[in-house]
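The S-adenosyl-L-methionine binding site annotation in TrEMBL covers 56, 81, 130. The feature substrate binding site is assigned by TrEMBL to 134, 166, 207, 208, 209, 210.
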Ligand SMILES: C[S@@+](CC[C@H](N)C(=O)[O-])C[C@H]1O[C@@H](n2cnc3c(N)ncnc32)[C@H](O)[C@@H]1O
């Protein structure tokens, strides 16, 4: 793995004006290395309560994040995305949202093990990730062996990963990664979520991007993984 994003030496750098503008929301938005400084302290010092800790990678416009944290007030929810302008628009929306059991990180999904301690997380959500369809770009896909190794570390025993994608190629890629990875049990895998698992919680909500794909008649591919880590 040559991608520096996974290493200690990685440094976030930004001249994007929205990076500074995010300062406005410092009560619940944490950027880059500032977020990494809170590793291991999310429940105790940031949320100031013990609760199941959930992370969504690639929150986009935040539809799932807002709906899930509102319907599940008993969880501490962290949304994460790396796009600046999108992060700013979402932070603005979140700042007036009645639910307060969430925090937002302008950060990279590849950095989960710098953001969370061993066994700190209960659940991870990863919906409609950028598929990077061209062969020469596929190394940019977040879901790969190195990511699953880190996810295994930061999730508790029995911790779960929930995934949805529109993209057949990325779904097949994920299946291959999972088949070569023994640390998770795949308890649900489908190439047509709503036809095959209409009762599953993943079929009960629709993200912003999902709406677009459903309108185009695309079948939603989905997975639920459970960590085999022992207490
Ligand atoms: C196609 S959008 C889906 C957004 C949302 N999950 C939905 O379903 O509506 C993918 C999102 O993932 C974010 N993203 C892509 N790669 C990422 C990474 N490595 N770390 C954090 N966010 C990432 C993008 O900025 C974008 O907002």
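Using N, Cα and C of the backbone, Cβ positions are placed for all residues, glycine too.
With respect to Cβ neighbours within 10 Å, the binding-site residues 130, 166, 210 differ, and 130 shows the lowest count. Residue pair residue 166 (substrate binding site) / residue 130 (S-adenosyl-L-methionine binding site) shows a Cα separation of 10 Å. Of all the Cβ atoms in the protein chains shown, 22 others lie within 10 Å of the Cβ of residue 81 (S-adenosyl-L-methionine binding site).
The two recorded residues residue 210 (substrate binding site) and residue 56 (S-adenosyl-L-methionine binding site) have their Cα atoms spaced 15 Å from each other.
Among the residues 56, 81, 130 said to bind S-adenosyl-L-methionine, no two Cα atoms are farther apart than 14 Å. Other Cβ atoms within 10 Å of the Cβ of residue 209 (substrate binding site), summed over all protein chains shown, number 19.
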